[in-house]
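Trainee: According to Swiss-Prot, the protein has these features:
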- 1-25: signal peptide (SIGNAL)
- TYR31: site 'Greasy slide, important in sugar transport' (SITE)
- TYR62: site 'Greasy slide, important in sugar transport' (SITE)
- TRP427: site 'Greasy slide, important in sugar transport' (SITE)
Amino acid sequence: MTMKVKLLTTSVALALSMTAFSSNAVDFSGYFRSGVGVSQDGDMQTGNQSLVGRLGNESDTYTEIGIGQEVYNKDGKVFYVDSMFSMQSNGSNDYESTATVCDFDKKQCSEDATFALRQFNVKAKGLISAAPDAVVWAGKRFYQRHDLHIIDTKYWNISGAGAGIENLKAGPGAFSLAWIRSDGNDIDNSIVDNDLNVNFLDLRYAGWAPWEGAWTEAGVSYAMPNPTDEQKATGGKYDPENGVMLTAEMSQYFAGSGINEKLVLQYANKGLAQNMISQGGGWYDVWQLTDDAKGYRVILTGDIPLGDKFSVNHVFTYGKGEKLQEWHDNTELFSAVARGGYAWTDIMKTLVEAGTYESTKTWTSGAEDKSSGQKYTLAQAWSAGPSMFARPEIRVFASYLKDGEGESFNGGEDDSTWNFGVQAEAWW
């Protein structure tokens, strides 16, 4: 009888708590893209989105679904629970699940779709009386990611499970401090424990405006590999040195013209150096020997309106990395992507995107590996508004892709190909 009473009490308490939580609206957010397309040789042939642009250069189905709710708000104390799941597939058929399909004769397995837990965290505001606007958080989250949408990459992205404090006001801006875990997995097969624990300390200051229309942010992302005793004894890639990535950026809005430009300067060393030439945002390279590695990157991105109906978004990147692996001398990367849009009506527009890149990898022997390519896309789009980034959007596109150094298309027979398709994209 006592057990029944306890169970009943617990059930009532849970029901009451759920009723209390449901009095606050649930925040539903997300992103998705999906579509269909063909090329001159089978289905769509895509690649190098972060170098030549993503418009007309994506063939997958991808979605992120976020659900969050404020669960407590009293006397200036606020608690918020946030979550997000993602799914990705190649969009090849109707039923795409996580079921694994295996060909045991070939000892190969594949999955239709992959699902992932991307965010699950608690944010609390008002816990620090001296800093009532500061937010204390813990859990798994996207941490203040800095995005370049038209090339689908984040140049500053220290995300994962962790904890931190955001928006600590100081002077004209605010500090944010976080401890985030981002391990390197499956380094090699030399030992059983081949996953290396890596922790980041991330410190940022944002909000200083040196003059009208300007806005700045700067930060230090410090990576600390944390090997086990077995990994230390193994040495090499299992016992790398701490690395740092420094980021400084300035945004400028030019009143009257509507132009927005952002300049980003970055420096990184050790396992973080490869981000400077891979369009990465902060992952630590545990698969190469990087104790002598260093690199830097310059990014210029922005929006340029040309009249009431036409605008251009652009991303220019130059990066250089040295000693990124054994026998490596240096790698240089240049990438330029621009997307223009002309709004015919409030819901219809024409889009043009052009992108080019060139990468040169030099070895200590003097040998060079080069890669380069271009992409050109024309699209007709219908969206919920005239701006270039109004969403949802449905677009019909045609793309031409060119390999500047080899024959990577149409089964390795051609240095170019074309794609034609229809895609939808939305965020909310």
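The backbone N, Cα and C atoms fix where each Cβ goes, glycine too.
Set these features in their place in the structure for me.
Mentor: DSSP assigns TYR31 (site 'Greasy slide, important in sugar transport') to a strand.
In this structure, TYR62 (site 'Greasy slide, important in sugar transport') is part of a beta strand by DSSP.
Neighbour count (other Cβ atoms within 10 Å of the Cβ, all protein chains): 14 for TRP427 (site 'Greasy slide, important in sugar transport').
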Trainee: What is the interatomic distance between the Cα atoms of TRP427 (site 'Greasy slide, important in sugar transport') and TYR31 (site 'Greasy slide, important in sugar transport'), given in whole Å?
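Mentor: Each residue's Cα considered, TRP427 (site 'Greasy slide, important in sugar transport') and TYR31 (site 'Greasy slide, important in sugar transport') end up 4 Å apart.
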Trainee: Roughly how many Å separate the Cα of TYR62 (site 'Greasy slide, important in sugar transport') from that of TYR31 (site 'Greasy slide, important in sugar transport'), to the nearest whole number?
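Mentor: Cα of TYR62 (site 'Greasy slide, important in sugar transport') to Cα of TYR31 (site 'Greasy slide, important in sugar transport') measures 8 Å after rounding.
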